[in-house]
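Annotated features, as they stand in TrEMBL:
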type	residues	note
ACT_SITE	LYS192	active site, schiff-base intermediate with substrate
ACT_SITE	LYS245	active site, schiff-base intermediate with substrate
BINDING	CYS117, CYS119, CYS127	Zn(2+) binding site
BINDING	ARG202, ARG214	5-aminolevulinate 1 binding site
BINDING	GLU230	Mg(2+) binding site
BINDING	SER271, TYR310	5-aminolevulinate 2 binding site
Amino acid sequence: MFKRYRRLRKNYAIRSMVRETVLNEEDFVYPLFIVEGNNIKKEIKSLPGNFHWSVDRLDELVEDIVRAGVKGVIIFGIPNYKDDVGSGAYDDEGIVQKAVREIKRIAPDIWVITDVCMCEYTSHGHCGIVIDNSVDNDETLKYIAKIALSHAQSGADMVAPSDMMDGRVGAIRSILDENGYKDVSIMAYSAKYASAFYGPFREAADCCPEFGDRKSYQMDPANSREAMLEIQEDIDEGADIVMIKPALPYLDIIKMTRDKFDNPIAAYSVSGEFAMIKAAAALGVIDEKAIVLESLTSIKRAGADIIITYHAIDVARWIRRD
Ligand code: PBG
């Protein structure tokens, strides 16, 4: 006699009772792009429905986020001025620093994460200090630590290094602790792949490398065991949360991480994942809402606790139950 699994799929009531994975609005973190200037809310062409915001317009966005029930944001800055060492990234009056202070003023309970990287701030567009045409790991660490400290000083709850230098989590933990920011946590982009799925973001954040690519620091998409080594190292150096990025093409990595580690896991569903869905929806060949919900459920089912997504506000509105 075969078993009848269809009995538990008979109607919505029973399906919802036996459902293993349920999305909540608290699962999502929304990425923000902050630009200099005043009164700017400009749609990002490559990320429809997402905008470049100037700090003075943030109250409008923060209100939407709070109302949707999204609890966290991750901030990216797009400065006007760039130089070889990305000095704008650790300027107390930099746009990320100003944005953090402003968001905390408007809504102190929003969990504010800052992306700690240099690529938006360097004239060459690389995520570190370039010496002899290559990104120097140990020289970069000094800057990454300084940037993280500056974000903590402006009030960030959590810093998220995305540069993929070796040793950066430890360097950040030390500088934060030495300066009295023991409670500021670290979400490490631990398994960050050298992915073509970042294309729309690089346009949005103006951070395309001027020469070469990021393959000497971001991971090879062909590798999974190496991701476990990266994650182990970040946890050993003091990461509170580990991140896998991108998400949907890397569900196996999320699942491996879930099976092996007990730390909370974040998955970054990146710009290319978002843009593909939007493009297909615009062509009328998919049902956007259904595809987004299925994709995000899959990411959570694989093992992610937190999902960073450009759909965050929309999804939170769709699923909010209260
Ligand atoms: C900065 C950074 C990138 C993304 C997040 N932080 C770009 C990159 O590494 O090239 C990509 C995010 C996305 O595609 O949505 N280093």
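Cβ coordinates are placed from backbone N, Cα and C, and glycine is handled just like the others.
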Near the Zn(2+) site, what residues other than CYS117, CYS119, CYS127 in the same chain have a C-beta no further than 8 Å from the centroid of the listed C-beta atoms? MET118, GLU120, THR122, HIS126, GLY128, SER162, ASP163, CYS207
Is LYS245 (active site, schiff-base intermediate with substrate) helix, strand or coil when read with DSSP? strand
Spatial neighbours of ARG214 (5-aminolevulinate 1 binding site) among the recorded positions CYS117, CYS127, LYS192, GLU230, TYR310 [C-alpha, 10 Å]: CYS127
Candidates CYS117, CYS127, GLU230, LYS245, SER271 (recorded positions) with Cα within 10 Å of ARG202 (5-aminolevulinate 1 binding site): SER271
Relative to the Cα of the residue listed as 'Mg(2+) binding site', which of the recorded positions LYS192, LYS245, TYR310 has the closest Cα? LYS192
According to DSSP, which kind of secondary structure is GLU230 (Mg(2+) binding site) found in, if we only use helix, strand and coil? helix
Just the recorded positions from LYS192, GLU230, LYS245, TYR310 whose C-beta lies under 6 Å from any atom of ligand 1, please, or none if there are none. none
CYS119, LYS245, TYR310 filtered to the recorded positions whose C-alpha is within 10 Å of LYS192 (active site, schiff-base intermediate with substrate): LYS245
Can you grab the distance from SER271 (5-aminolevulinate 2 binding site) over to CYS119 (Zn(2+) binding site)? Cα atoms, rounded to a whole Å. 16
Once the chains shown are all counted, how many other Cβ atoms turn up within 10 Å of the Cβ of ARG214 (5-aminolevulinate 1 binding site)? 22
